[in-house]
Structures are given as C-alpha cells and as structure tokens.
C-alpha cells in the first residue's frame, strides 16, 4: 500500500465559523477527499499562519496550495469598492491573499475553486461582480437552497473552454461541458496577469489561470463534488497533483 506521507503536501485554506458560540475554522470533507483521491495529502492551514514570519516558515513545507469554496465573500475594499460585505471572512482573505502572492513568486501550484477563483482574480488586480443576480444579461448562477444538496450540485449550464490555455491542455478532447453552479458573485474585471480559460454561455468567466506559471488554475464551479465519479473532475485534481509532484522535483534540484 502506498504511504500517504510520501504524497505531495497540499495546504488548504479554511473558513471561519462559529460552533456553539466558539470561533471555529472548518473545511468540508468533499474538498479534502478530492485531494486524497487524486494522490495528495491535504493539510488544513489556520488563519493565524498569515503572520509573515510563520508564513515564511510554512511555505517550504507546501507542495501545493488549495483554495476551496466558501459561503463567505471577499471583502470589497480589496478590489477597490466601497461598502460592507455581510458574509465576509477577513482572516481568510488575509491568509489567501498572502498565500497567492507567495505561490506566484515561488511558482507553487495553486488550485482555486469558487471563492478561491475570486480570490485569485482579486489578488492579481481584478474585481468582482458583487451580485450577479443584478446583472440582467447574466444567467442565474446561484443554487436553489430549497433543493436537496445532490440536486444543488447537479449540472446547471455549459462552459466553453478557450483554446491554447491550461484547461484545454488538461482536457484536449473536451471544448465544452456542463458544470454545477453555486455562486452569487463572479469575476468582473480580469487582470492581464490572468488568462481566461472558460466562459459560461452568458459570457461570465468560469475559469482562469496565471500566465507564465506552471499551474495556477481557478474554476468557478465545484469539481470537488463527487470528484472520483466524474472523469473531468478527476483530470483537474490529478493535473494539480502532478504539478505539485513536478514542484517537488524542482525543489530537490535546487
């Protein structure tokens, strides 16, 4: 049996919650299981690790960074807008932005999902639509909370893959496919540092990658949902873990 301790170490950002009155940081199992099934070892990263001296000690131990989805939203002041965000998680923002900036500098692989994509957009100088439902030209991208969870994560709309990018390299035989959709915010302006990898039929950005980086991919949908059952999802996670293995080899050569 393979020793999981030999697998790439993937740092996973958590979300702030309250449990019976106590401040708590949590991770949904589906995000962790997707990494394990793809051959990685997920390690939860407490928000306190955003402190620069701790982050500096942490980064050499990580082979990849995983930014999962969340019920919370990125604070608007981080992308130049005024107003409060009722569903904010400032400590997650702080850690995620620090991790993204460090990973881009050190060429550490990143896989970002839903809120994670939005963090990647903001960290590289872009901005977000705060309420997609107020954009009349866009589809309804939110899930129906009254439906069972399995139906909330069912395919909702197609995405069209842009040619010549990371996503098309990972999925060379698949230029369009159906995805689930469970988000109220989305990319508005994408920095020149990013390549748009896929769009939904209404033109909304559904995937991005960082230009001149070995693997920094963000997707707006949720491939972690039952990832082992869907070939496209497995390919994304396995591509991420393969990039992490290449990063390990690069570190060993230095």
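Each position is counted from 1, following the chain as shown.
Cβ from N, Cα, C; glycine included.
Among the features that Swiss-Prot reports, domain 'Glutamine amidotransferase type-1' is placed at 16-250. Residues or ranges marked as active site, nucleophile in Swiss-Prot (evidence: sequence analysis): 114. The active site annotation in Swiss-Prot covers 222, 224, and the record cites sequence analysis as its basis.
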Item to check | Which same-chain residues, if any, lie at least 6 apart from residue 222 (active site) yet have Cβ under 8 Å of it | outcome: 69, 113, 114, 153, 179, 180, 182
Checklist entry - What number of additional C-beta atoms lies within 10 angstroms of the C-beta atom of residue 224 (active site)? => result 26
Item to check | Confidence summary for the domain 'Glutamine amidotransferase type-1' (16-250), mean pLDDT rounded | outcome: 96
